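**Q** Residues annotated as [4Fe-4S] cluster binding site in TrEMBL: 170, 174, 177. TrEMBL lists 156-377 with the feature domain 'Radical SAM core'. If you look up TrEMBL, you'll see 382 marked as N6-(pyridoxal phosphate)lysine.
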Ligand code: SF4
């Protein structure tokens, strides 16, 4: 009898706690439905796609071909206006900004834009705005990458790993790009000779166990060059892992072809970090690209950039990270945007980032919680920023704050 009543009491307490937790979940569940995702907007995407194909007199087969997408990147205001209604002022601003900062949008990424909403998060990332010219505060190279460049194409900021910058080409020139100084006026890949010099540096430095191939967008390289580069890196005994930095799963998922995947599958382990910034970018096409990469043995992670008016609220970040987990892309970092010239209008307050981290922890799966990072100026490295959970620590105990705000004392002996 006593055992039964103990069990009953435990069950009643558990039910009470479960109800408390349910009440914490309900407000977000109600708000979540109002946050658009790529999957929810599938019909709108298909209509936009068909409209763009009609304008270009192209076929579905063309659409699926990444070379067609690249050849038809939208770089001309007149063509843009045929595809997306713009106010006269918005058109004038694009023309004006384009004289200083290049712009280009893949037809696929354009098809995700909401033609009726100037504040659409996809439009904000793809279309130039006059604010780019009004920012006189930022720097061209706040990371000081020019001073961490010990060999051609190489950036080295850490003891055991480095970056090879292989190209300045991207499927789209994101308006918030932190490397916009490299975008320049023309697209160009590094030469084989330059890449060879980078490989020679890596071979000569046995402490380098992790190499990140990036750009621009590393998957803008041809399959042939990528294959050669991966094969070379794979042949260096101390290179334990290869990483690829690319935004094509977001801006040009058709680049993830069977041929590319068959190359990637030959040189494990390969980690790909991409940059989804809004749940609208998580589409059926992005999922198809992720599925193919995962089948090739690639491990996928996401490095979002925290951007004002795009993803600087807890609800959008929770939805983004949950959508990413559904397509097997692990949220890895949230970067606080750096003070790059021409991007000031994208930079939120650090308090926004901390508030997001506070509302993620405990409220959703740990898997959906990336690390919030400020990149220290001058190439001094990534610095994690966390809400304060450890309130005090001495030889006897730690005082901690839980995700619900309970204060607890934890023994430290
Ligand atoms: S894909 Fe990356 S490097 Fe290229 S423009 Fe966008 S943010 Fe910059």
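The backbone N, Cα and C atoms fix where each Cβ goes, and this holds for glycine too.
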**Q** Using the Cβ center of 170, 174, 177 as the [4Fe-4S] cluster site position, which other residues in that chain lie within 8 Å, going by their Cβ?
**A** 172, 173, 175, 176, 179, 180, 183, 217, 247
**Q** Secondary structure at residue 177 ([4Fe-4S] cluster binding site) (DSSP, helix/strand/coil)?
**A** coil
**Q** I'd like to know which of these binding-site residues, 170, 174, 177, is least surrounded, judged by other CB atoms within 10 A.
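**A** Minimum Cβ neighbour count within 10 Å, taken over the binding-site residues 170, 174, 177, occurs at 177.
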**Q** Just to confirm: which same-chain residues, 6+ apart in sequence, have a Cβ under 8 Å from the Cβ of residue 382 (N6-(pyridoxal phosphate)lysine)?
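**A** In sequence order, 333, 373, 374, 375, 376 meet the Cβ cut-off.
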**Q** Where does residue 382 (N6-(pyridoxal phosphate)lysine) sit in the DSSP three-state scheme?
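**A** Note: residue 382 (N6-(pyridoxal phosphate)lysine) is in a strand by DSSP.
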